[in-house]
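**Student:** Got a structure here, written out as structure tokens. Questions coming.
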Amino acid sequence: MKLIAGLGNPGGQYAETRHNAGFLLLDCLAEELKLDFRPKFQGLVAETMMGGEKVYLLKPQTFMNLSGRSIRELAQFYKIAPKDIMVVYDDMDLPIGRLRLRSSGSAGGHNGIKSTIAELGTEDFWRLKVGIGRPTAGWDSARYVLASFTKEELPVLEEILDKGIKAVTLWAKEGGDKAMNLYNR
């Protein structure tokens, strides 16, 4: 059993913001697989099979800074080990259009990942970072991540979400090393 959690903030005003890259990727994956989300574990949950294994998709509805609670609740209930958890989230340190898959690591200043580390009690879970780039001079970081993608960024976003879907699917079916070799370029 595996868990793929996409981080974001609930509510229409945040729906297409940079900070919701994790939600956006899971929405695209669920649409591709024709899955519906239902409320459970302080989040929205869908389930599917990948590579002969049950995989849960989770969009925590706790707001970003408390995302780990929802992830922990689902993981504990289904007895999913941290090594079988993938968290998808936005990363300002990567330029828009880049992905980076990691098997562990620090929060790197991301509050949703800080919460997940605290709730799981370990840094040893998979993460897929979706690059959103850094704000230009004069932009506050908090305002930047809560802003929508620009018209110019949308084609790049669409392409990277498609790549991200392929990366998490490969991770679920064949493991992280193969996915890292293919998508960390």
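Each Cβ is built from the backbone N, Cα and C atoms, and glycine gets one as well.
Model, not experiment: these values are computed from the prediction.
According to Swiss-Prot:
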| type | residues | note |
| --- | --- | --- |
| SITE | Asn9 | site 'Discriminates between blocked and unblocked aminoacyl-tRNA' |
| BINDING | Tyr14, Phe63, Asn65, Asn111 | tRNA binding site |
| ACT_SITE | His19 | active site, proton acceptor |
| SITE | Asp90 | site 'Stabilizes the basic form of H active site to accept a proton' |
**Student:** Using Cα-Cα distances with a 10 Å cut-off, which of the recorded positions Asn9, Asn65, Asp90, Asn111 are near the residue listed as 'active site, proton acceptor'?
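**Tutor:** Within 10 Å of the residue listed as 'active site, proton acceptor': Asn9, Asp90.
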**Student:** By CA-CA distance, flag whichever of Phe63, Asn65, Asn111 among the binding-site residues is nearest to Asn9 (site 'Discriminates between blocked and unblocked aminoacyl-tRNA').
**Tutor:** Phe63
**Student:** Neighbours of the tRNA site Tyr14, Phe63, Asn65, Asn111: Cβ within 8 Å of the Cβ centroid, same chain, sequence order.
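**Tutor:** Those within range, site residues removed, are Asn9, His19, Thr62, Met64, Leu66, Ser67, Gly112.
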**Student:** Which of the three DSSP-derived classes (helix, strand, coil) applies to Asp90 (site 'Stabilizes the basic form of H active site to accept a proton')?
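**Tutor:** Looking at the DSSP assignment, Asp90 (site 'Stabilizes the basic form of H active site to accept a proton') belongs to a strand.
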**Student:** Among all the protein chains here, how many other CB atoms are within 10 A of the CB of Asn65 (tRNA binding site)?
**Tutor:** 12
**Student:** Per 10 Å Cβ neighbour count, which of the recorded positions Asn9, Asn111 ranks highest?
**Tutor:** Asn9
**Student:** What whole-number value in Å do you get for the largest C-alpha pair distance within Tyr14, Phe63, Asn65, Asn111, the residues recorded as binding tRNA?
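**Tutor:** Looking at Tyr14, Phe63, Asn65, Asn111 as a set, their Cα atoms extend up to 16 Å apart.
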**Student:** Which number gives the other C-beta atoms within 10 angstroms of the C-beta of Phe63 (tRNA binding site), all protein chains shown included?
**Tutor:** 15
**Student:** Express the distance between the Cα positions of Asn111 (tRNA binding site) and Asp90 (site 'Stabilizes the basic form of H active site to accept a proton') as a whole number of Å.
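**Tutor:** Answer for this pair: 11 Å between alpha carbons.
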**Student:** Between Asp90 (site 'Stabilizes the basic form of H active site to accept a proton') and Tyr14 (tRNA binding site), find the distance joining the two CA atoms and give it rounded to the nearest Å.
**Tutor:** 13
**Student:** Identify, in sequence order, the residues in the chain of Tyr14 (tRNA binding site) that are 6 or more apart from it along the sequence and have a CB within less than 8 Å of its CB; answer 'none' if there are none.
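**Tutor:** Long-range Cβ contacts: Gly8, Asn20, Leu146.
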**Student:** Here are the recorded positions: His19, Asp90. Which has the lowest count of other Cβ atoms within 10 Å?
**Tutor:** His19
